[in-house]
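Peer 1: After the structure tokens below, expect a handful of questions from me.
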Amino acid sequence: MSSPNIWSTGSSVYSTPVFSQKMTLWILLLLSLYPGLTRQKSDDDYEDYASNKTWVLTPKVPEGDVTVILNNLLEGYDNKLRPDIGVKPTLIHTDMYVNSIGPVNAINMEYTIDIFFGQTWYDRRLKFNSTIKVLRLNSNMVGKIWIPDTFFRNSKKADAHWITTPNRMLRIWNDGRVLYTLRLTIDAECQLQLHNFPMDEHSCPLEFSSYGYPREEIVYQWKRSSVEVSDTRSWRLYQFSFVGLRNTTEVVKTTSGDYVVMTVYFDLSRRMGYFTIQTYIPCTLIVVLSWVSFWINKDAVPARTSLGITTVLTMTTLSTIARKSLPKVSYVTAMDLFVSVCFIFVFSALVEYGTLHYFVSNRKPSKDKDKKKKNPLLRMFSFKAPTIDIRPRSATIQMNNATHLQERDEEYGYECLDGKDCASFFCCFEDCRTGAWRHGRIHIRIAKMDSYARIFFPTAFCLFNLVYWVSYLYL
């Protein structure tokens with residue numbers, strides 16, 4: 001009877017470890033499923049974010065492999081010798097990315113340019129066998145391999161960028177191809193031809209070549225799409241507009257050898273807005289202002305004199321200001337021509353009044369009036385016979401007006417100028433009025449000089465502007 005109890009007790013004893021094992025398995029199963037549920041929820045929350053990513057699996061390259069490759073490449077490498085020395089010239093492909101151009105300094109005849117300059121060549125000593133296609137290296141590796149001695153021939157000043165680290169990049173492919181790029185800011189020389197200033201156009205060059213290797217050692221070639229530019233709206237050209245660019249290759253012969261010279265020409269066209277506002281419009285207005293004196297009474301000496309002198313001095317100031325933005329060139333520019341002609345017009349207006357005032361203030365009375373003044377009897381007994389006017393009133397008015405004009409002409413009668421040369425070409429109004437006209441003489445009425453000037457000066461100035469602008473803008 002006791003046996004069953006023992007077995008039952010034994011079964012209960014042996015069932016306890018089995019139950020605990022099952023519970024442990026269930027707990028482990030739940031714990032293994034809980035991260036999956038959490039990750040599923042997290043994936044649901046960031047489903048949109050992860051859907052836009054593309055994951056690329058790349059073989060992990062041990063750092064030691066790159067170090068071994070570099071050590072093997074530099075072992076026995078002489079960076080003082082160019083590739084293929086004594087076999088063939090080293091071919092260097094060049095390209096350029098123009099970050100910005102400007103400003104252009106017309107006085108010093110130079111311009112500033114910021115570029116990324118790249119050079120590519122093959123060096124068989126740098127070939128390596130590895131699963132790595134390219135070694136992307138920083139500037140510390142630049143001094144350990146051979147680099148072309150390229151320099152910019154027309155640079156006055158050149159700076160490499162060093163912040164925050166030297167802006168240089170080096171790439172080495174497993175087939176021995178080397179790419180070397182760096183960022184430079186260059187102040188390059190540009191000989192400006194200012195004959196058409198400020199309507200001038202220029203081609204500013206940027207030249208580079210090898211400093212010590214002639215074309216038997218190094219040959220430069222442009223890559224396809226070798227020169228690219230950034231957004232020109234951010235360039236600091238100010239007075240200029242960027243028109244385009246072109247690149248050329250030429251050979252320059254010197255005493256030390258023939259060198260391959262690569263040149264990029266940047267075509268610039270000057271904007272006229274600044275000079276139109278600062279020079280052309282003020283000069284034109286000053287010339288027009290000088291014509292006001294032609295409508296002022298000739299007896300108003302202070303008014304006309306002060307107006308003429310003021311306009312002349314103003315033109316002198318404008319011409320001086322216009323020259324400050326130019327180098328001291330020995331030839332006449334388009335702006336110099338315009339300012340000089342405007343000065344001549346203003347000065348001529350002042351001279352016109354001086355001439356008029358001289359003859360008016362020094363006029364002599366006519367011969368009939370001199371006789372009357374000398375003989376009082378003629379003044380006393382001189383009278384006009386009474387006449388009966390039977391003509392219409394309008395005719396009488398015309399006759400009276402003619403008589404009045406005749407008296408004014410007599411009042412402004414002048415003696416002829418002295419000298420045979422003057423008498424050969426001119427006759428005074430009094431002689432011409434009485435019929436003393438000679439062939440080849442010019443009839444000039446000094447009293448009407450202002451009337452002549454009102455027509456001559458504006459007409460001549462308009463013709464000058466027409467010829468000036470057509471010649472410089474379209475021819």
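In case you wondered, yes, glycine gets a Cβ from its N, Cα and C as well.
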Peer 1: Under the annotation given by Swiss-Prot, are Ser361 and Arg153 positioned on the same side of the membrane?
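Peer 2: Opposite sides, per Swiss-Prot.
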Peer 1: Write down the single range among 163-182, 303-322, 423-442 that appears in Swiss-Prot as transmembrane segment.
Peer 2: 303-322
Peer 1: What's the most sparsely packed of the disulfide-bonded residues Cys190, Cys204, counting other C-beta atoms within 10 A?
Peer 2: Cys190
Peer 1: Give me the count of other Cβ atoms within 10 A of the Cβ belonging to Asn247 (N-linked glycosylation site).
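Peer 2: Here the count is 14.
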Peer 1: Have a look at the recorded positions Asn129, Cys190, Cys204 and say which one has the shortest Cα distance to Asn247 (N-linked glycosylation site).
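Peer 2: Nearest candidate: Cys204.
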Peer 1: Compile a sequence-ordered list of residues in the same chain as Asn129 (N-linked glycosylation site), six or more apart from it, whose Cβ lies below 8 A from its Cβ; state 'none' when nothing qualifies.
Peer 2: Asn174
Peer 1: Any residues 6+ beyond the ends of the topological domain 'Cytoplasmic' (297-302) with a Cβ under 8 Å from its own?
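Peer 2: Same-chain residues near the topological domain 'Cytoplasmic' (297-302) but 6 or more away: 353, 356-357, 360, 450.
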